[in-house]
Amino acid sequence: MMSYEGNGDGVAISTENHNENYISLESSPFHEDSKSRESHDLKKDSSKISEKDNENGRDKDGNKDRDREKDRDREKSRDRDREKSRDRDRDRERSKDRQRDRHHRDRHRDRSRERSEKRDDLDDDHHRRSRDRDRRRSRDRDREVRHRRRSRSRSRSRSERRSRSEHRHKSEHRSRSRSRSRSKSKRRSGFDMAPPDMLAATAVAAAGQVPSVPTTATIPGMFSNMFPMVPGQQLGALPVLPVQAMTQQATRHARRVYVGGLPPTANEQSVSTFFSQVMSAIGGNTAGPGDAVVNVYINHEKKFAFVEMRSVEEASNAMALDGIILEGVPVKVRRPTDYNPSLAATLGPSQPNPNLNLGAVGLSSGSTGGLEGPDRIFVGGLPYYFTEVQIRELLESFGPLRGFNLVKDRETGNSKGYAFCVYQDPSVTDIACAALNGIKMGDKTLTVRRAIQGAIQPKPEQEEVLLYAQQQIALQRLMFQPGGTPTKIVCLTQVVTADDLRDDEEYAEIMEDMRQEGGKFGNLVNVVIPRPNPDHDPTPGVGKVFLEYADVDGSSKARSGMNGRKFGGNQVVAVYYPEDKYAQGDYED
């Protein structure tokens, strides 16, 4: 280094020396060693700091890793929660879908069931309507058959009279037209049209005009004692003599007789002459002088004839001619199929006069009305107060009679308590005997058997018919109680069946028919028709119809007017019913 002189130089030297000294200090070994230590310490500290920093960094990194791990765990937990939530949502949706499907299936099942039930109801309704239509058609066919049978019978008589008088032909034509119109109108009700005399009786009774019965015979075929009243007897309403019964048309059914088994050579004129002469010979012309026969119709193919007499009494006398010989051939004399014994009893006697001189024509006095033969029935033990009409009603519960004879005292005319009868259908004979024999009638017990001993017992297939007949006899006994009086209740039997009453529409129609028909005879208070139980348990009174009237006068007219009528092809039996049993709802016999 450059050296300076003087003071100034001295300063300069001093400064330089100071720097040298300073440099000397710095460059001294101690100083270097200290510096080295410091540096080492600094490095150590720096290393520690660095290590701490590293440790802190590592801690921070660890914390961050832990935080990240926690975050991942939390995220996973949230993911699991979200997944569970989504699963729950999916389960809820599936449950809702299942519920919707179940509801849809249930609703579909309900609709299917409703449709099936509707179809079943429609099928049932169709079947019921079809059954009702079939039942109504059957009733209409039955009525039409009866109408055609009556029309054929009337037309046969008219065809024969047509040749005699054109005027009478026109009259018959008008009568036939009226009859056809009546036949059509009757289809509106289950009841048949009442015969003309019954309609007139109803009309007269409804108007309160009961004509008096004449005390002397003023009309052919009628006589003063045709309505005897015996004390203690139950007759119901007194038979009324209608105006129409005085005409030929109204009494024709009771004035005709059937003659079967005619010889091939017989004709209308020969038959008419023969029976007129025979009636005169036996004393059967009770209507006065002249021919008893007014008309004859012959069916040559079937060899039978219908012979029409002047009066009801003469027709009954002609019934005693059964078996008479006509041109060498024995002929059968019977009542025609349209003969109504209940109505005929109000027009005149229904049995031959017991004083006829049958021996004058070669017949025995015992051959009254076809009562001979193996099927003749003896009916004994009859109460003396029983009338002929009552006994016939009892016997005809089993079928129409071919002949009947109530034996009476010749002097007094009173019943001797026994009778004979023959049924048109011989198969009914044993059934009637078995059902009637032993029945109590008042203070008497009936004895009913074949008049010829050795009667055949009922066949097994007849047992059901026998049971039914016994039930009907029990009903008939209600009418024949001695000293009894008519009640306000009329019971109709043999009217309807249990099947008819199960259908509501059919039941309503039957109820309406009964109200309309029953109301014609008086003040009808109520109609009771017991119906069968749906569970098929026995129901008392099923098959019967009970008519309640305000007074006995109405019930008496109804009983007389409806007994023997036809309803739906069945013949009605009308009897009085005890008022106390009816009030208690007891409809059993």
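Glycine is treated like the rest: Cβ placed from N, Cα and C.
What you see is a predicted model, and the numbers here were worked out from it, not measured in a lab.
Swiss-Prot annotations:
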COMPBIAS  14-27  compositional bias 'Polar residues'
COMPBIAS  29-100  compositional bias 'Basic and acidic residues'
COMPBIAS  109-145  compositional bias 'Basic and acidic residues'
COMPBIAS  146-156  compositional bias 'Basic residues'
COMPBIAS  164-188  compositional bias 'Basic residues'
DOMAIN    255-338  domain 'RRM 1'
DOMAIN    375-453  domain 'RRM 2'
DOMAIN    494-580  domain 'RRM 3'
REGION    1-195  region 'Disordered'
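Remark: secondary structure over the domain 'RRM 1' (255-338) totals 26 helix, 25 strand, 33 coil, with classes taken from DSSP. Looking at the domain 'RRM 3' (494-580) alone, the prediction's average pLDDT is 85. With DSSP classes pooled into helix, strand and coil, the tally for the domain 'RRM 3' (494-580) is 33 helix, 19 strand, 35 coil.
Note: the domain 'RRM 2' (375-453) comprises 19 helix, 29 strand, 31 coil (DSSP; helix = H, G, I, strand = E, B).
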